[in-house]
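Sequence annotations record features per position, and here TrEMBL assigns NADP(+) binding site to A:Gly11, A:Ala12, A:Gly13, A:Leu14, A:Val15, A:Gly16. Per TrEMBL, the feature domain 'Aspartate/homoserine dehydrogenase NAD-binding' maps to A:11-135. The NADPH binding site feature in TrEMBL is assigned to A:Thr93, A:Lys117. For A:157-364, the entry in TrEMBL reads domain 'Homoserine dehydrogenase catalytic'. Taken from TrEMBL, the feature L-homoserine binding site covers A:Glu215. As annotated by TrEMBL, active site, proton donor applies to A:Lys230.
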Number of protein chains: 2
Amino acid sequence: MSRAVNIAIVGAGLVGSAFINSLQSLRSSSIAYNIILIARSSKALVSKQYTPLPLKTWSSDLAAASSASALSPGDLAAYLEKSPLPVILVDNTSNEALARVYPLFLQQGVSIATPNKKAFSSELGLWTAIFKAAANLTGTEKRGLVYHESTVGAGLPIISTLKDLIATGDEIVKIEGIVSGTLSYIFNEFSTAGEGEVKKFSEVVFKAKELGYTEPDPREDLNGLDVARKLTILARLSGLEVQSATSFPVQSLIPKALDSVEEVSEFLARLPEYDAETEELRSDAAAQGKVLRFVGKVDLGDGVSDRVKVGIEKYDGSHPFASLKGSDNVIAFYTKRYGKNPLIVQGAGAGADVTAMGVLADVIKIAERIAK
Amino acid sequence: MSRAVNIAIVGAGLVGSAFINSLQSLRSSSIAYNIILIARSSKALVSKQYTPLPLKTWSSDLAAASSASALSPGDLAAYLEKSPLPVILVDNTSNEALARVYPLFLQQGVSIATPNKKAFSSELGLWTAIFKAAANLTGTEKRGLVYHESTVGAGLPIISTLKDLIATGDEIVKIEGIVSGTLSYIFNEFSTAGEGEVKKFSEVVFKAKELGYTEPDPREDLNGLDVARKLTILARLSGLEVQSATSFPVQSLIPKALDSVEEVSEFLARLPEYDAETEELRSDAAAQGKVLRFVGKVDLGDGVSDRVKVGIEKYDGSHPFASLKGSDNVIAFYTKRYGKNPLIVQGAGAGADVTAMGVLADVIKIAERIAK
């Protein structure tokens, strides 16, 4: 008899759709992944008898579903609790309300795989509640597992590597990384190691927006909060009790004078007025043979005052961060065992396909532990 | 009730000792890891009742054990088969005879975690037998799991990343890597991107030997076979039916004229006679702004004639392989999902501590799946 798990998917946008496609094309799996629920905020397809949903037409079926089918987090919990097979909730949203219900799901034995950063980078109390409610694998108690690789660097093996280092007894000394694809692109274009053409910071931001690399409102990238959320997760996994993503220094790339601007269009129109500031930083660094990068750091070294911080840093032209390309992410783990040269992971850290891949890899890992 | 697994350790040298130390200092594990056997080729400590061995004095206890305690692979299989708890065999040797018994262990339900390359890079028949005997997780049959992260790049997340890429449905286009710490050091010193002092190839080899980076007989590194074994493993995981580690082109760094030399000392004494050859390669590359690296490649692209090959390649000064430091390994996965920029993993790929770390991470992953 083959083993199986039930899968409930919340969030059916780009990542959710890529996830469903990848799951359907899984090669040579000996575990059956039965999708029993696909929901978006306004409606849901639910298999009342917990049998697999027909998937050929899920997208149009979901679009045709009535708004009465929408599920509250409480409805979802009540439904999943009665699943006859072990069940994995795949939360492909960035919904904070759903994240707040994770402890309840986990206590009920529902496992979770998710790229939802909100669950792990909001106030420390939620983090603690989630991991207290999750399975500690001590046996008879039926608790859920929670995996969240894609919360940092999408499908890149960042969370799993950090967890392996810590679980096997290594000591984290420092973590340093470029973990925003948008800000990676902007700084890779703005501050290059070679002699290339000098671009204005605002022009690079406009180009990034044009290419679809930024949020519709680029200030959501420029304020550094996305990087701060990811650093909160890395710092907490490293053992630091970080209160929230705003409890440590985060440099915003939004000029102070534009803080009170409301409209995106006005912000963008006025951004070029501040190019002189960024150009001064860039040319000062270049004069020292260095480039600028927007970096997050977790530093557990002795006597460090800001253990977590996010902002612009300078790197030598020969540093791995200096030769980064496109919108790639890179993360360097400095540990006691690895010594002077860090363990480095690099590659695309954003995009629906690689995010869905990280979630699917987590789903497989959970299923191998819980499938029946 | 807490969960537990039994652990049988074969090989008690540098990696074995580092493994036992790390296992004893495991933090906050909710699984009990009971070491029931520690063996080297000539003797063994065995817990007849399958209760945990006292570990404080394992090293002197093992040294004091009589040679009558030595176990054949058959003895070991007979002992492990009767373990009342799920059992993981940790093979910290590079023993081919033991590797040949893996299919038997796996069929009996014994799981395996190992850095032993011989098991996965010998003739294709052994590879096939191992993975046919291993658990496919289809349910009732009691088969063992086999994990071997440390066979390539020690504790670096290389095997696990490749398996995740494939399991989630990505397509491998090309894998390119520097996977010998010794040859990484030699080429990083010999062929640098900057203007630095020019060194003779033989001098760099002598320095590497002096630092303990080479085997006692450096020809075992220079012949490329270690790299070929690792590439065999990566190629097979990528779906290629590689017959053996000598069934594809492997460039040897041993000058042809010295092939018949027997003594290490004579080989080393005569190596400088051939420095002109390597210097010509180096200076030709330098004239093009390139550096030399000793690289293994798996290429699944259309119309490629040698899908696997190992040898010297040239890279631009701005390529990530050019800025490699010390004896670091680096591996680049080019896949359909990751597109133009590869997923890169880099860091120390040799040494007892990081090798043992990779094995321990595997043991934890197996235990989370099989502990009772």
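The backbone N, Cα and C atoms fix where each Cβ goes, glycine too.
From a predicted model like this one, the values you see are computed outputs, not experimental measurements.
Counting only same-chain residues at least 6 apart in sequence, those with a Cβ under 8 Å from the Cβ of A:Glu215 (L-homoserine binding site) are A:Thr182, A:Asp221. Considering only the binding-site residues A:Ala12, A:Leu14, A:Val15, the Cβ with the fewest other Cβ atoms within 10 Å is that of A:Leu14.
Confidence across the domain 'Aspartate/homoserine dehydrogenase NAD-binding' (A:11-135), taken as the mean pLDDT and rounded to a whole number, stands at 94. According to DSSP, the secondary structure content of the domain 'Aspartate/homoserine dehydrogenase NAD-binding' (A:11-135) in residues is 54 helix, 20 strand, 51 coil. Among the recorded positions A:Gly11, A:Ala12, A:Lys230, the ones whose Cα sits within 10 Å of the Cα of A:Lys117 (NADPH binding site) are A:Lys230. When each of the recorded positions A:Lys117, A:Lys230 is scored by how many other Cβ atoms sit within 10 Å of its Cβ, A:Lys117 comes out lowest. In the three-state DSSP assignment, the secondary structure recorded for A:Lys230 (active site, proton donor) is helix. In this structure, the CA atom of A:Gly13 (NADP(+) binding site) is 8 Å away from the CA atom of A:Thr93 (NADPH binding site). Annotated NADP(+) site A:Gly11, A:Ala12, A:Gly13, A:Leu14, A:Val15, A:Gly16; additional same-chain residues within 8 Å of its Cβ mean position, judged by their own Cβ, are A:Ser17, A:Ala18, A:Phe19, A:Arg40, A:Asn92, A:Thr93, A:Ala352. Of the listed binding-site residues, namely A:Gly11, A:Gly13, A:Gly16, the sparsest CB environment within 10 A is found at A:Gly13.
Under a cutoff of 8 A between CB atoms, and with a sequence separation of 6+ in the same chain, the neighbours of A:Thr93 (NADPH binding site) are A:Val10, A:Gly11, A:Ser41, A:Asn116.
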